[in-house]
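According to TrEMBL, the protein has these features:
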type     : residues : note
TRANSMEM : 115-141  : transmembrane segment
DOMAIN   : 130-381  : domain 'G-protein coupled receptors family 1 profile'
TRANSMEM : 161-180  : transmembrane segment
TRANSMEM : 187-212  : transmembrane segment
TRANSMEM : 232-251  : transmembrane segment
TRANSMEM : 281-303  : transmembrane segment
TRANSMEM : 324-347  : transmembrane segment
TRANSMEM : 359-381  : transmembrane segment
Amino acid sequence: MKAPPCYYVTAKWFSLSPSLYYLGVNRVEQIRPAGERSHTKHLLIYRSGKPNGCATPRGFSGLEIRRLLEEVVNTPPLSHSICVCIYQKIMASALIISNLTQEWLESLRQWHLEYFFIPTTVITVATLLANPVLVSCIFLSQALRQETRYLLVANTLTADILYLILNMATIICNAVRVPIPWLVCELVTAITVTTYCCAILTVTLMVVDTYAAVRWPLRYHDVLPPARTHRILVGVWMLAALYPFTLLIMMEMEKGNPHEVAFCLALISLGFFQVNNLEGVHIYFFVAALICALLIFVCYIKLYMVTRTHGIWHSRFSRARVTLLAHGVLLLLYFAPGFVFTLELFLFQEKAISQDVRVWISTVNMSVFMLLPRAFAPYLYGLRYREISKTLMQLLHQHQRLGQTTVS
């Protein structure tokens, strides 16, 4: 009687949602008698609560799969209502992403979360009307574009414009159910993360720049001429793009990604990659945001220590206090959604969190919280600078005079 096949397995369970989880198998090696060549297969064992369309490849019967799971992987016996499938990895990755997006869409429809499209549109349109005007004021004025602080403001507003355009385009495509190529979804995710990270890095540099200007007023302009500021901003964009595009290249090198997805979301793209390939993606974002937040806190403490004897903090409603409060609120609005997104990535594979809770948190964070700092930035960062306000009024008066001259 022929002995049953024996397998050596290296595996780990991953949970993507309460009803969607899979067993990632790094290697399945059938152990053969001495003199025979062992056969190694790189497979992915997938289990879902929806037993439809499941099949097993050649060479693996249902009994062998059950023995494989029970004896080698120490998995308890599976209920007859749950389907167990062994797929080639190229098939499993596409299926998992498809199921994830489908479950996400079902939750959106169930809770009518499409209505968050309304505040998203209002905030985006209002911000896109203000930001380009302020950026134009800075670059059209020779005096303003020679100042480091205004160049930093312009860079923040530019990053916000790109983020809002990409975010709005993604939301529109998701709302009308336009199939999006997976490569395009990955690219949009990478650019969106880059613009968000660039805005965070730039507002951090704005605080550092303020501290440097107050602490070393005589040497400040010599240390930071416009040409050096331009190089720093290029470096900020490169630093912000380094990690997202590295992940993009790694995701694209993976075989088995779907050709199209019905729903493009940064959380799903990064979360699936984190579960399937590289654990700890959320740690990178958390540590980077924490370093920036600590740097801002230290600079503000040192700024207060340097200026506390100058008398600018004595009045309750002094300009320094109001400016600090406005910038503090704006910094909180920039950083808080980033920490929430990091928490979403961390909870992406937790069984205890229901799918509906994930969808709610992600939708509110993406449609409202991530847009609020971009809506307030033109007014708290831009128009509070007297020089920018004066330049804007001059441009409006010039435009009005040209209009009157044309009419006459």
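Each Cβ is built from the backbone N, Cα and C atoms, and glycine gets one as well.
Computed from a predicted structure; not experimentally measured.
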Q.
Can you work out which residues elsewhere in the same chain, 6+ from the ends of the transmembrane segment (281-303), have a Cβ less than 8 Å from its Cβ atoms?
A. 197, 200-201, 203-204, 207-208, 210-211, 214-215, 243, 247, 270, 273-274, 324, 331, 335, 338-339, 341-343, 345-346
**Q.** Long-range neighbours of the transmembrane segment (115-141), counting only residues six or more past its ends (CB under 8 A)
**A.** 150-151, 153-154, 157-158, 160-161, 164-165, 167-168, 171, 175, 363-364, 367-368, 371-372, 374-375, 377-379, 382-383, 387-388, 391-392, 395
Q.
I'm checking region-level scores; what's the whole-number mean pLDDT for the domain 'G-protein coupled receptors family 1 profile' (130-381)?
A. 88
Q) Going along the chain, which residues at least six beyond the ends of the transmembrane segment (324-347) come within the CB cut-off of under 8 Å? A) 196, 199-200, 203, 207, 266-267, 270-271, 274, 281-282, 285-286, 289, 292-293, 296, 300, 353, 358, 361-362, 365, 369-370, 372-373, 376-377, 380-381, 384
